[in-house]
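In what follows, a single structure is set out as structure tokens and then discussed.
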Amino acid sequence: MNILVCIKQVPDIEKIKVDSAKKVMIMDGVPNIVNQFDTYALETAVRIKDADPATKVFVVTMGPAQTKDAMKSCLSVGADRAYMVTDDVMNDSDTLATSYVLSAAAKAIEAREGVTFDLILCGKQAADGDTGHVGPQLAEYLNYPQITSASEITVDGGKVSARRPTDEGAEVVAAVLPAVVTMSQTAYEPRYASVKTKMAANRAEIPVLTAADLSLDAAGVGLAGSPSKVIKTFVPERKKGGLKIQEETGELSAQKLTALLSDAGVI
Amino acid sequence: MSDYKNIWVLIDIQNGQAKTLELLTGGRKLADAVSEKLVAVVIGSGTDAAVKDAVANGADQILVVDGADYADYSTEGYTYALEQLAGKYKPAALLIGATISGRDLAPRLAARLKTGLAADCTDLEIDAGTGTIQWTRPAYGGNELAVIETPGARPQLGTVRPSAFKRGEPDTARTAEIIKEDIALPAGTIRTSIIERIAEVAEGIKLEDAEVVVSGGRGVGSTENFALLKELADLMGGAVGASRAAVDAGWISHVAQVGQTGKTVSPKLYIACGISGAIQHLAGMSGSDVVIAINRDPDAPIFEVADYGIVGNIKDVLPALTEAIKKLKA
Ligand SMILES: Cc1cc2nc3c(=O)[nH]c(=O)nc-3n(C[C@H](O)[C@H](O)[C@H](O)COP(=O)(O)OP(=O)(O)OC[C@H]3O[C@@H](n4cnc5c(N)ncnc54)[C@H](O)[C@@H]3O)c2cc1C
Ligand SMILES: Nc1ncnc2c1ncn2[C@@H]1O[C@H](COP(=O)(O)O)[C@@H](O)[C@H]1O
């Protein structure tokens with residue numbers, strides 16, 4: 001079985017600080033990492049390979065040259081082959097344009113490698129935009145069924161079944177392969193790289209595909225191919241941190257809080 | 001583009017009940033600004049109650065797709081039905097609840113219709129001249145807000161947090177035009193099937209609907225201590241929520257989880273007990289009106305977003321707080 005995992009490199013949002021005077025995010029020194037949910041997707045793929053060594057795991061990312069680091073990191077934790085899609089014409093693509101590019105990339109990689117992907121895994125959402133659009137939109141471009149937000153999957157008999165949350169609890173849904181599944185957090189943690197796997201990943205050849213390699217329709221990529229436009233971004237007004245109460249005992253603190261809440265009309 | 005008219009709201013149905021009725025409040029605002037109709041789209045099997053609710057909550061027109069094919073939500077079935085409706089009626093915009101199924105459906109539909117989509121919106125405005133919607137949404141874990149527009153394509157699509165709007169008082173005397181559409185799915189449209197349903201319905205008030213949420217984190221320490229939170233929540237007519245750490249520890253069901261991978265809540269009062277305030281948690285509760293934090297670490301980041309904080313051990317503070325509020329209410 002062949003699995004393609006879509007990987008996005010994102011800033012580590014835990015390390016973003018906000019300059020509340022200037023009302024901007026401070027991105028200097030914030031490291032880029034593989035989107036957390038994508039690491040769960042990759043680990044899930046590699047576990048399928050562990051159980052069935054005939055499986056091959058491919059990863060792909062669309063992004064600038066520095067996303068090579070993300071690809072190396074994926075190769076060091078079990079991906080067999082990594083592809084980058086890098087081309088300035090793709091700058092400023094929205095999720096629709098990104099999915100279009102990734103669908104073309106999936107086809108191109110299949111042709112180059114002489115494989116067909118049975119399963120395409122994405123993260124549930126990327127930590128920068130938090131949209132969660134690319135998985136379903138990629139599924140639409142490829143005309144595959146989709147399952148979103150899975151926490152556990154099994155592949156059997158030409159189908160993938162996945163456990164996903166619902167507003168009432170959870171459900172297990174099966175989809176006919178080939179399918180796109182987006183992964184939420186799993187019960188297991190992604191594995192770590194070893195010195196040896198890191199060195200091997202450093203030596204690996206990572207092919208770079210351009211728009212020309214994918215025979216894309218230029219009207220469908222970049223700003224021109226993006227119906228969603230970001231008009232502006234701003235740092236929201238943060239509450240300044242309110243009143244902190246620390247009386248001698250918990251009881252006194254609780255009484256003080258209750259009085260304050262009552263005066264303020266909160267309760 | 002000028003052929004595209006009216007603001008549509010998709011009404012989510014779960015167990016025969018209409019959800020996401022709040023979105024009609026947001027839709028009303030947009031429709032009035034451009035003097036167009038507010039249309040509720042109801043898809044399901046056995047939709048009469050949901051149609052009534054949509055009328056009472058302000059829709060001018062209801063489009064109903066009722067049939068066995070739609071008894072359960074499926075990405076491909078619902079996308080097909082909405083594609084047909086959008087093709088026939090050409091709406092200017094469609095608002096979909098940012099629920100688990102809404103966020104599964106909307107991107108697929110946007111790709112089918114080759115249009116823009118704004119995810120998980122918290123605020124909406126419309127340009128009365130062009131009819132273009134400004135969708136406001138959080139990004140970077142809530143550190144930033146972005147305003148998105150789809151100026152050159154129609155319909156405009158967005159998933160909207162139900163908590164972004166308050167449901168109006170239902171008016172059962174209202175009437176609306178109800179149009180039934182028969183949309184049969186071509187064979188093989190749905191390539192997924194539901195194999196098992198696992199209900200984990202929390203008792204009492206639903207987290208998303210509660211005006212008071214008492215949430216517990218790792219600092220709560222045990223299943224038994226969660227009873228302290230339950231007692232306070234019951235007293236205030238609220239619901240119990242949790243951080244992921246508490247869910248992972250097995251002290252409470254995952255349906256109670258608040259945050260990026262859990263529910264988004266915006267109650268009048270959010271009481272965070274033994275929760276550090278990780279950005280993924282804040283993503284689910286930063287829309288709360290008033291936040292109270294109880295934490296023994298005075299430097300816990302949760303205090304930065306709290307209106308009131310108590311530095312102390314929840315085992316001492318919580319029972320005392322419940323007691324003090326009980327006295328006040330007496
Ligand atoms: C991709 C991803 C998605 C995530 N999604 C979510 C999500 O949806 N929701 C979510 O909540 N988290 C989510 N997380 C996890 C999040 O990053 C934090 O790990 C989690 O919120 C921490 O939970 P906590 O605050 O309960 O625990 P901790 O961070 O361990 O904090 C416990 C707090 O309790 C205090 N404390 C301890 N004992 C006491 C006591 N006796 N009395 C008072 N205070 C006490 C401590 O001082 C501390 O501040 C996600 C993480 C990732 C990577
Ligand atoms: N530029 C990209 N390259 C590869 N995969 C991507 C890219 N953008 C998004 N994805 C995938 O789609 C998922 C959802 O992303 P998003 O729709 O941006 O929230 C991510 O977790 C990735 O798996």
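Even glycines carry a Cβ here, placed using N, Cα and C.
Automatic, uncurated: that is what TrEMBL annotation is.
Lifted from TrEMBL, the feature list:
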- B:R218, B:243-244, B:257-261, B:274-281, B:N295: FAD binding site (BINDING)
- B:7-194: domain 'Electron transfer flavoprotein alpha/beta-subunit N-terminal' (DOMAIN)
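Projection of TrEMBL feature records onto the structure.
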residue	record	Cβ contacts under 8 Å, 6 or more apart
B:R218	FAD binding site	B:S243, B:A245, B:A246, B:A249, B:G274, B:I275, B:S276
B:Q257	FAD binding site	B:G241, B:A242, B:S243, B:R244, B:V247, B:K263, B:G284
B:Q260	FAD binding site	B:G141, B:Q280, B:H281, B:A283, B:G284
B:A278	FAD binding site	B:S243, B:G259, B:P301
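In the three-state DSSP classification, B:A278 (FAD binding site) falls within coil. Look at B:Q257 (FAD binding site): DSSP puts it in a strand. The average per-residue pLDDT of the prediction over the domain 'Electron transfer flavoprotein alpha/beta-subunit N-terminal' (B:7-194) is 96, rounded to a whole number. Around the Cβ of B:H281 (FAD binding site), 28 further Cβ atoms fall within 10 Å across all displayed protein chains.
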